[in-house]
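Colleague: Annotations per TrEMBL:
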type	residues	note
COMPBIAS	A:482-495	compositional bias 'Polar residues'
DOMAIN	A:73-296	domain 'LUD'
DOMAIN	A:315-384	domain '4Fe-4S ferredoxin-type'
DOMAIN	A:393-484	domain 'Lactate utilization protein B C-terminal'
REGION	A:450-469	region 'Disordered'
REGION	A:474-495	region 'Disordered'
Amino acid sequence: MSGTFVGMPAFPKAAHEAVGNQTLRANLRHATHTIRAKRANAVAEVSDWAELREAGKRIKDHTLRHLDRYLVQLEESVTAAGGIVHWAADADEANRIVADLVKETGESEVVKVKSMATQEIGLNEALEAEGIRAYETDLAELIVQLGKDRPSHILVPAIHRNRGEIRDIFTREMSEWGRPAPEGLTDTPAELADAARLHLREKFLRAKVGVSGANFMVAETGTLVVVESEGNGRMCLTLPETLISVVGIEKIVPTWRDLEVFLQTLPRSSTAERMNPYTSTWTGTTDGDGPGTFHLVLLDNGRTDTLADEVGRQALRCIRCSACLNVCPVYERAGGHAYGSVYPGPIGAILSPQLRGTASEIDASLPYASSLCGACYEVCPVAIDIPEVLVHLRERVVQGGPVTREGNKVVLKPAKGHGAERAAMRAARWAFDRPGALRAGQRLASRTRRLHPRTLPGPGKAWSATRDLPAVPAEPFRDWWQRTNGGTTDEGTAK
Amino acid sequence: MSSRERILGRVRRALADVPQDDTPYGEAVARDYLREHGARSTEETVELLAENLADYRAVVHRCGADELPSVLARLLTERKAATVLVPPGLDEAWLAEADAARVADRMESGAHELDRVDSVVTACAVAVAETGTIVLDGGPDQGRRRITLVPDHHICVVRVPEQVVSSVPQALERLDPARPLTWISGPSATSDIELDRVEGVHGPRTLEVILVG
């Protein structure tokens, strides 16, 4: 499988293939249902969940509305604490900055903490092109990297793999990357985790450069926060001499105190724990404790374009907890790969088309990768109204209109392939504006109901391939209403 | 134009809809969530800490201050620890009865040396009862971040009740963001393989917490 998302087919095609994979569906069902149940318990433990959710939403909204101010404040605080701040407008620039920083150290390998931002910009591939090897150290990311695979979930990137598959990948691939898997490795999770521990430890102990993301950056103090479970994060943040953190500009919170909200909502929402096993914070550099050099790369890469959309900007509140994936009926069946982006599931369906624009087939299809059931909004710990943004983006795809791309205002053309939808909407408006025509059409439809096909012809074929066409009633509702005086005179059926 | 100016310019243009007199930070966030969940006596708070620590598979012990040296000695013996790493400011009396050879955390000692150490004993900065979390802030009795990371066995001593708070908000108030902080809730763990929880991937596989007082 290719390690890149470029050239992915549109969501309906990718999802159609994924849904046919029985192993994948079983793995996904087990995982999403397990986390879903645990999460509900963890959230029920705190009686002020609604207040915490509202506070999280407001903190993020306030920050986004004054992002320029907080970015400048963060830069000052990090610099004052001994860090070096770099700004990257897009993926290429971020990759070049990191590659140059690594080269300056004279090293040709780095250890990485799982980071969605570096996935998003394709950092590993960019470093490889410069002769630098990047080792993923999160267990799931290691499975993905060794399997030459792509992550399929925000929190548990190898959710699509079961223990047997993981054993096979370790046995086959570990020797290519360093210490081979132990002889006779079984598929028990404890043994597999132990194999990963041994494999990665030699890399941690010799690493001179670490690359990370961050869950939060505190503007007031210049503090960065990484929330994790395994300790690989602590290894990468502590043992190397140089630390390079690539962080999206939306990860800022104004004050130290704001962490009291997110350190309560993030663990419960993501892994369904009262608290994740390890949280590390660092403020610039500390003499003799941790890396002596700290670089922070602030990444835009479509975030300011997203910010320019007054409806869509709420997607930048996301704290990457992944709760929306685990409750989504579409994600549960199609899996993360079908979304063709680093951010899968409901949040991916609104974040990716905003970060990347809707020009490609996959990005234009993502706002449709949802049943609009609203479960994602219900669980979101920062109350992102994902259905609202989905509908907003669908309208943009179909109608086109003004958007911001790479900082410039442009007018988007309506996407191809939605001609039938636009024609249907125009026809509907015409009919609803003309009650007589609507009535005549409805009566005609009722009388010819036995002749209607089971599937739609032409562009409607794809829609009816996976759905039953609604049955046309024997009598239009408005006729029934008139005949029975709103149901008060005669309960009889159609004449 | 530098990328800094370009990004800040884009942010400002993107926020053209936000009025100049937008709600200031102090008023933008309603902090009507709880400072702690439920009313507990001091002893109940300590009890909750012990429960939640154990729930995440930390091994919890309780003793009086005078018993601490013998408890530490016993735990190290049970672990068959030949060497024990000690932060520079740890109370020497704590390890007075332990047989294991003391290893000091020296600046020049590399990660490989730490990897050969059997156990590490530290104090902590604060402990959070509701979440079962101990927080280290790099103080002299806790040492550098790496010493509680590389060795496989960590014993952490919490002074109760004075180092115990109920909740995350109360813990943050006590901590200094300028210091490098490590929050530990149970030993290292992963759920990456079919969501089965496995203890100990990269950090210490065994965490023992002694509640003293």
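Cβ coordinates come from backbone N, Cα and C, glycine included.
I'm curious about the neighbourhood of these features; can you describe it?
Modeller: Under DSSP, the residues of the domain 'Lactate utilization protein B C-terminal' (A:393-484) split into helix, strand and coil as follows: 53 helix, 10 strand, 29 coil.
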Colleague: Counting only residues 6 or more past its boundaries, what in the same chain has a CB within less than 8 Å of a CB in the region 'Disordered' (A:450-469)?
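Modeller: That would be 12, 419-420.
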Colleague: For the domain '4Fe-4S ferredoxin-type' (A:315-384), what's the mean pLDDT in this predicted model?
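Modeller: A mean pLDDT of 95 is what the model gives the domain '4Fe-4S ferredoxin-type' (A:315-384).
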